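Below you'll find the structure, written out as structure tokens, and then a few comments.
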Amino acid sequence: MEDFVRQCFNPMIVELAEKAMKEYGEDPKIETNKFAAICTHLEVCFMYSDFHFIDERGESIIVESGDPNALLKHRFEIIEGRDRTMAWTVVNSICNTTGVEKPKFLPDLYDYKENRFIEIGVTRREVHIYYLEKANKIKSEKTHIHIFSFTGEEMATKADYTLDEESRARIKTRLFTIRQEMASRGLWDSFRQSERGEETIEERFEITGTMRRLADQSLPPNFSSLENFRAYVDGFEPNGCIEGKLSQMSKEVNARIEPFLKTTPRPLRLPDGPPCSQRSKFLLMDALKLSIENPSHEGEGIPLYDAIKCMKTFFGWKEPNIIKPHEKGINPNYLLVWKQVLAELQDIENEEKIPKTKNMKKTSQLKWALGENMAPEKVDFEDCKDVSDLKQYDSDEPEPRSLASWIQSEFNKACELTDSSWIELDEIGEDVAPIEHIASMRRNYFTAEVSHCRATEYIMKGVYINTALLNASCAAMDDFQLIPMISKCRTKEGRRKTNLYGFIIKGRSHLRNDTDVVNFVSMEFSLTDPRLEPHKWEKYCVLEIGDMLLRTAIGQVSRPMFLYVRTNGTSKIKMKWGMEMRRCLLQSLQQIESMIEAESSVKEKDMTKEFFESKSETWPIGESPKGVEEGSIGKVCRTLLAKSVFNSLYASPQLEGFSAESRRLLLIVQALGDNLEPGTFDLGGLYEAIEECLINDPWVLLNASWFNSFLTHALR
């Protein structure tokens, strides 16, 4: 049948029929009878309109050939065969210019002589049965119905056949020929029996009573009735031409669509100012761990016990001193806080039984560092509403900061492999279905690529710190509890390892609302000298607290050990998300999975194994000033994971805004790359929306600079 259709009908008709079927998700190769029926219907519509014109006097005439210069207008507007968007646009335009009532369903033709829409039917059954089904479906007095059959019968509204005898005879002859051609190939019986009746289900519920009144009350402005609004919505098809849509939406909108060319976009303007500073809740690439392997001490797994054990592995402690003060803080207090921690840990060891938790003495330095009694006193509004000069604090605008190189280094480091594994493969039961087998295989491959990644260490560190802090905030609201910063991993040889990064002391934490803040002081070990990039450490006071012997190629060297101390704060909602940082693994796995799916659908088989095991293939990882960076599939996994982790570590309103707004510009640039000839209006407004998010956040500034690299290369 498919071959017959392609031989029997004009290629333009065949192409239109294929498009129509695809629009409704149907396959011409499978539903061949439907394919033939659509082609037949299209051909009848075109034959109905052929040769019929209206002359300058408004008379209907038939012209088969003749003076091409005669001022003739086609008598029929063909609606059938256009895509839905365009078809509704034509119908709306006809209704607006002629005042004809808008039909509920798309008709096939419009007759400019009789000023009416026409619904054409071609049936393999009895014409009167089909006529009644059509009439019952469209329920419109105004639309004229004209039915033809393959046996030469016809039926039309009020027996008004619109066309002259000869034109209709041409159509009937063509239908009869199609029937004979099908019969001679043995296709007719199947075609005749495959016709289904028109859907006669009422497409609209009648709304009455209270619901009707509510509907009328809740109409958008400028709509007089529900019918009026419905007709507008039915005719409003997405992805049409933008100007038309805008003018349909509002009379006030007057947008000029500007073509978006390779020369149109400019780079994003990054702010000037001092370099941006580190703002994560804990150190990332600069962190130093004191570790114990195969821990088996008494109380193993109790954080305080583990922390003391880790501290004992280090012998190079010395009298601490400040080497990089905090600009605004009382630096001696930070020094005293560290000394207090050392002293109180010593006290614990002197006790007979080590307690499971340690609450610090509320010394003046700790009260200062944790902002105790600093919050202005809350007063009931009733008591102060008569105060004449009651006003909110003036808050300063954030100072713009420029992009600094350290954030790119942080990101690069997060993509690297460490020599330990940070996640265990969960024990999941046997696979039952084949899809589970594929899912397990993908998960195992992905885990193998990211389990040793530094970003995965950050996830586990973040989960631990946030869980411990939230627990302490709820369990010891008034106490200044000491919380060790701990993580656990496995070495290459499979030995368990417990690591201590430093300590947190939390302040008072009566957290009623999700956004109520708990203050904490963090003290973290590091080998990084803060004087190398002082701008990165603006918010920290850094002490030198010891000397560490390191094994290197040239033997042992001694390096100073630093303690990075700062006051910080977080909230219940931030801690909740911090505890769920493992989701980053899932997000990046899903991104990889969509890449595998794309590959599999091209090859029409599951490509998981080939995808992960192909050593030769490289994949695009990201943009840099040098061009598109490429790497192995493992590198892609780790880069996607690092992006997801940094989105969590550096979450902020600036990032939310930048991601949402820059995505719109990205889609336009991609459309240009796909030769879709995008057009824009108010591109300046879009740039403004993106650039107002570029203030001082290191991760947002880095993403903006990547975006500029992408623009440069995408527009070459």
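Cβ coordinates are placed from backbone N, Cα and C, and glycine is handled just like the others.
Pulled from Swiss-Prot, these are the features on record:
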type    : residues              : note
BINDING : H41, D108, E119, I120 : Mn(2+) 1 binding site
BINDING : E80, D108             : Mn(2+) 2 binding site
MOTIF   : 124-139               : motif 'Nuclear localization signal 1 (NLS1)'
MOTIF   : 184-247               : motif 'Nuclear localization signal 2 (NLS2)'
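Within the motif 'Nuclear localization signal 1 (NLS1)' (124-139), the DSSP-based counts of helix, strand and coil residues read 12 helix, 0 strand, 4 coil. Cβ proximity to the Mn(2+) 1 site centre (mean Cβ of H41, D108, E119, I120, cutoff 8 Å) flags the following additional same-chain residues: V44, C45, E80, P107, L109, I118, G121, V122, H146.
Listed in sequence order, P107, D108, K134, I138, T143, H144, I145, H146 are the same-chain residues six or more apart from E119 (Mn(2+) 1 binding site) with CB atoms under 8 A from its CB. A separation of roughly 9 Å, to the nearest angstrom, links the Cα atoms of E80 (Mn(2+) 2 binding site) and H41 (Mn(2+) 1 binding site). The DSSP secondary structure for E80 (Mn(2+) 2 binding site) is coil.
Long-range Cβ proximity for I120 (Mn(2+) 1 binding site), meaning a same-chain Cβ under 8 A and a gap of 6 or more residues, is found for H41, V44, C45, Y48, E80, D108, L109, H146, I147, F148. Under DSSP, I120 (Mn(2+) 1 binding site) is assigned to a strand (E or B) in the three-state scheme. In the three-state DSSP assignment, the secondary structure recorded for H41 (Mn(2+) 1 binding site) is helix.
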